[in-house]
Amino acid sequence: MKAFSVTCLGFAVFSSSICVNINILQQIGYIKQQVRQLSYYSQSSSSYIVVKLLPNIQPTDNSCEFKSVTQYNKTLSNLLLPIAENINNIASPSPGSRRHKRFAGIAIGIAALGVATAAQVTAAVSLVQAQTNARAIAAMKNSIQATNRAIFEVKEGTQQLAIAVQAIQDHINTIMNTQLNNMTCQILDNQLATFLGLYLTELTTVFQPQLINPALSPISIQALRSLLGSMTPAVVQATLSTSISAAEILSAGLMEGQIVSVLLDEMQMIVKVNIPTIVTQSNALVIDFYSISSFINNQESIIQLPDRILEIGNEQWSYPAKNCKLTRHHIFCQYNEAERLSLESKLCLAGNISACVFSPIAGSYMRRFVALDGTIVANCRSLTCLCKSPSYPIYQPDHHAVTTIDLTACQTLSLDGLDFSIVSLSNITYAENLTISLSQTINTQPIDISTELSKVNASLQNAVKYIKESNHQLLSVSVNSKIGAIIVTALVLSILSIIISLLFCCWAYIATKEIRRINFKTNHINTISSSVDDLIRY
């Protein structure tokens, strides 16, 4: 119980009651990998971000003329011009057309979209709808143009939160403006040119898909981070009421952006950002496990448990998370994907080994070891475990399913020729002798589709061959059957003719005998008649 209580304390930050016995499960090859907090999200609102791509330069005493800014302005104009033209083509109806397609009362230039999916048309509708907020966008534009503040908020009657970001201005404020009077114009111009050149390279790289069609290509995570610059955490905190870090929200792809306007005169880009609503279920943990083979009842086996489970209080479910977004510490889902576990699986997760089910392993390509917090958990009965420092072979007893190798046992470990450095101590305080009955091992090998298809194809080819041979045999049998039928018919007719002949002979013999008998009686009667006549005459 001591080891189990230690495991519970390890998860106390997430939940007050943890039933999964991590230590016992690790001894049978079921190793915990990651614990994540479960959160649900939905796209519910949007905000507009105004990005000023050309910074304000504080006037200097020596009136420096920064040629780098002029060149940067020219290059950036060439970069943004295709985006602005593309947006205008999509947001404006096609010229010369009397009838325009309308979505929610807004005219869209369908010809500018080309072949587009439903999602892309929806994105175009979103772009055009953003044009209706021209007053709010203009207010943000005019506000940001004359200020050196990197972030501020503007609220309209719709209570939509708009955040204006100057990605370059933050750097100008903290570095450049403090040194303007202490450096020559040439040095300042060179330093500014270097910074602007790097930023321009970054913009060109991350916005390359936007040059094709900004309405149909959402802004990538890299583009959002590039736009926001060092202001990313502040923007996320201002738009989302959550304690989750900005890095995790962006890496999960929960914030999606779309360029809706480009103002070439002011060198500003207006981006619509879809802001998700995030709700965290405080007592719900999603635990990832990694299964390796174990030595059970003198054979290599693997435990039959799901790779990911959801634990809420004292209950566990299988949790595939097929449609979720995973980060290091959180898992974001639009709905709950939990699936029920059998009672035996729950008992097994709780550390009741007698309720666990194992499947025998067939084949040599199997997961036989895993790195865990600087230690190695391996099935040393199915692979060669050799400690190189100090040098000795590692033996796994029959009553141990796997072997945990930490710094006290080995410093440099070789597993079938692969070398690992052990840097940590194992947190397992005890290891018990495992007793697993033969009835707990069942055959649940997954089907190798390619192999089975090859077998089926071979069987079909053999079947076709046998069918051809069978048809040939049937043809020969049918011919022989005709000849046999003729012979049998002849024999039957011959027998019938013999029988008829015998019957005819018998009938002829009987008829002849009967005729003779009748003739004899007739002669006898005639003799008697003659005698009677003679007697009468006498």
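Any Cβ shown, glycine's included, is placed from N, Cα and C.
What Swiss-Prot lists as coiled coil is 128-156 (among others).
Look at Swiss-Prot and you will find 452-477 (among others) tagged as coiled coil.
Under 8 Å, Cβ to Cβ, and six or more positions away along its own chain, C333 (disulfide bond) finds L38, S39, Y40, Y41, A321, N323, C324, K325. If you look up Swiss-Prot, you'll see C324-C333 (among others) marked as disulfide bond, on the strength of similarity to another entry.
Mapped onto three states, the DSSP output places C356 (disulfide bond) in coil. What Swiss-Prot lists as disulfide bond is C348-C356 (among others).
C380 (disulfide bond): 22 other CB atoms within 10 A of its CB, across all protein chains. Annotation source Swiss-Prot lists disulfide bond at C380-C385 (among others).
Annotation note: C387 (disulfide bond) sits in a strand segment as assigned by DSSP. Taken from Swiss-Prot, the feature disulfide bond covers C387-C410 (among others).
Swiss-Prot lists N56 (among others) with the feature N-linked glycosylation site, giving similarity to another entry as the kind of evidence.
Annotation source Swiss-Prot lists N-linked glycosylation site at N73 (among others), citing sequence analysis. Cβ-based neighbour count (10 Å, all protein chains) for N73 (N-linked glycosylation site) stands at 14. According to its DSSP assignment, N73 (N-linked glycosylation site) is helical.
Feature annotation from Swiss-Prot assigns N-linked glycosylation site to N182 (among others).
The feature N-linked glycosylation site is assigned by Swiss-Prot to N352 (among others), with sequence analysis given as support. Taking a C-beta cut-off of under 8 angstroms and a sequence separation of 6 or more, N352 (N-linked glycosylation site) has no same-chain neighbours.
What Swiss-Prot records for N427 (among others) is N-linked glycosylation site.
Taken from Swiss-Prot, the feature N-linked glycosylation site covers N433 (among others), and the record attributes it to sequence analysis.
Marked as N-linked glycosylation site by Swiss-Prot on the basis of sequence analysis: N457 (among others).
Annotated region 'Fusion peptide' per Swiss-Prot: 103-127, in sequence order.
Residues or ranges marked as signal peptide by Swiss-Prot on the basis of similarity to another entry: 1-19.
Sequence-distant neighbours of C348 (disulfide bond): residues of the same chain at least 6 apart with a C-beta under 8 Å from its C-beta are L25, I303, L305, A355, C356, V357. Nearest in space to C380 (disulfide bond), taking C-alpha to C-alpha distance over the recorded positions N73, C387, C410, is C387. A C-beta separation below 8 Å, combined with a sequence spacing of at least six in one chain, links C387 (disulfide bond) to P393, I394, I405, A409, C410, Q411, T412, L413, S414. Calculated from their C-alpha atoms, the gap between N73 (N-linked glycosylation site) and C385 (disulfide bond) amounts to 63 Å.
Mean model confidence for the coiled coil (452-477) is a pLDDT of 64. Just so you know, the Cβ of C324 (disulfide bond) picks up 22 other Cβ atoms within 10 Å once every protein chain is counted.
For the recorded site, C348 (disulfide bond), the DSSP three-state label reads helix.
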